[in-house]
Structure formats: structure tokens, C-alpha cells
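Note sheet for the following structure.
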């Protein structure tokens, strides 16, 4: 493998990186490949089924499920940005990734992560309106507002990622840097830069604070208000019914925020340790795999729609007359 190096402004600039990934014996690499491939394919299937179920069932044409379909669509691309390259590296001796490929992967990864942070906050706001203002819910959560909120989530994710990339892509990475990770993430890249990256770190920290802290504040405020409203319901059955409408979302929020905060709220030097790879697997592989299952197990409407979708696929047009 020949290292191609260019001379730029009397400094060397690498054209690719080496992803160290999970250095283990070949037999274990094959086992990891099989496990992660199964998780990747299952994640795509689960989320695709949820999208099809929501689109085909008129009873699910509600704001909550509109946002859920966006979450499923997002997570299909979220895992696709990382998993294919990781799977190839399990079977290949060449762990390299081009500079442009690395920056492209990082851009879309940051886009999807930031979008998911904001989208989960929007979903929490939706549950707040549904439980605390049920009579005004149809008036407040109109199709136009839902479309605007969903579009705003994607726009914020794209702009945040682009801003971060402006500062990270222009850093110099000398020679052939070895990234102690299985995909291109911000902190590992900052660690292998051969120039002062304090400006990029400051921008990354400020934007991460905005994208994480503000949505987290919305989530906490929404659920604090929801909890207060639920506790005021006189009957136990009423309280249980009200809480069940937001239990799935609260579980997903807890999983995603807890795993990502553990990584992105810590100093960049912590990425020198392999433990962060394990935590990264949680939010890049495990959480996207579990999210559709959580929504299906705790939501009767989604379960019923999924059964109907699967049965319709198998039975054909016979059920049109039902």
C-alpha cells in the first residue's frame, strides 16, 4: 500500500486515513461481521416496515406518527452512513478511507445525529400538546406546522454539519493518520490533526452545546409538564393511558441522549481509549436497532398497522373489501 502525499504550502497533506476499527483475530472479525450485518439489515427492515405501515394505515395519519416516520427514515440513512464501510473493514486488510470519503461520512453522520436530537425534541413537544392541551391539539398541530417542524429539523442538521465541516476539513492531517475508531467522527479526527485545532474544537463545542442542550431542555420541560398533568388525572386507568402515549418516545430519548452525551460531553482525549468504541456501537448500531422494537412493543396502533401491512403483503388484494 503506497501512501500518496501531496505538498501543500510547504506542508504535507495526507489523502487518506487508516481506521483502526476493532483489532482482533480474523475468526472474531468474521463473527463481528456476521453480527453487525444482521443488525444493519434488521434495522433497515424494521424502519422500512414502520414507514410503510404509517403510510398505508389511515389511523396513523397523525402528527405523532408523521414524526415517527421521519425518525425511521432518518435512522435508515444514519446506519447506512457507517455500517457498510465498517462491514467491509471487517473482511479487508486495507482499513483506509480517502480524505474526501472520510469528510463525506462525517458530514452526513453529523447531519443525521443533529437532526435526530432536534426531531426527538419536536416529538416531545408534540406529546406535551397532546396530553396537556388535548382539545386544542388538532388546531395547534396542523399539517402545515408539522411539515415546517420536520423540515426545520433537517435544515438545522444540515447547516450545523456544514458549519462544523468548514473548520474540520481545512485542518492539516500529516502523513497517514491512524484514527482509533471504526468511522470518521469529530473527536478522533481532531486528535490526529498536526496543527492547532483549538478553533475547530471551540466551534464544535459551541454547536454541540446548542444542538444538544436546547433540545434536551425542550424534552425535560415537556416531560416535566406532562408528568405534572398526568399526576392530576384522578383515575389510575386515565394516568396509565396518558403515560402510555409517551412511554415509547421517552424510552427512545433516554437511550439516544444517554449514549451520545457520554461520548460528546467528554474531552477529545477520551477517544484515545477503546471504551468509547463500545459506547459508539450503542448509538450507531444498537439504539437504531431497538427504536422500532420499542415503538412496536409499547404502541398498539403501530403493532396493529404492522400486522395489517405484513398480512396485506401476503394476502394480496383480498382485504380491499374488508
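Glycine too: its Cβ is placed from the backbone N, Cα and C atoms.
Marked as domain 'G-protein coupled receptors family 1 profile' by TrEMBL: 46-295.
The transmembrane segment annotation in TrEMBL covers 30-53 (among others).
The annotation transmembrane segment is assigned in TrEMBL to 65-86 (among others). Residues 19, 21, 36, 39-40, 43-44, 46-48, 50-51, 54-55, 97, 105, 108-109, 112-113, 115-116, 119-120, 122-123, 126, 146, 149-150, 153, 182-183, 284-285, 288, 291-292, 295, 301-302 of the same chain lie 6+ residues outside the transmembrane segment (65-86) yet bring a C-beta within less than 8 angstroms of a C-beta in it.
As annotated by TrEMBL, transmembrane segment applies to 106-125 (among others).
Sequence-remote contacts of a segment are chain residues at least 6 beyond its ends whose Cβ falls under 8 Å from one of its Cβ atoms, and for the transmembrane segment (145-167) they are 63, 66-67, 70, 103, 106-108, 110-116, 118-119, 122, 186, 199-200, 203-204, 207, 210-211. Residues or ranges marked as transmembrane segment in TrEMBL: 145-167 (among others).
Through the fold, the transmembrane segment (205-230) approaches residues 114, 117-118, 120-121, 124-125, 127-128, 131-132, 156, 160, 163-164, 239, 242-243, 246, 250, 253, 257, 260-261, 264-265 of its own chain, all at least 6 residues removed from its boundaries and within a Cβ separation under 8 Å. Summarising the annotation, TrEMBL assigns transmembrane segment to 205-230 (among others).
The transmembrane segment feature in TrEMBL is assigned to 242-265 (among others).
According to TrEMBL, the feature transmembrane segment maps to 277-297 (among others).
Here the transmembrane segment (106-125) has Cβ contacts under 8 Å with residues 64, 67-68, 70-71, 74-75, 77-78, 81-82, 149-150, 152-154, 156-158, 160-162, 164-165, 168, 183-186, 189, 211-212, 214-216, 218-219, 222-223, 246, 249, 252-253, 256-257, 260 of the same chain, all six or more residues outside its ends. Between the transmembrane segment (242-265) and the transmembrane segment (277-297) there are 3 or more Cβ pairs closer than 8 Å, counting only residues 6 or more apart in sequence, so the two stretches are in contact. Across the domain 'G-protein coupled receptors family 1 profile' (46-295), the prediction's mean pLDDT works out to 88.
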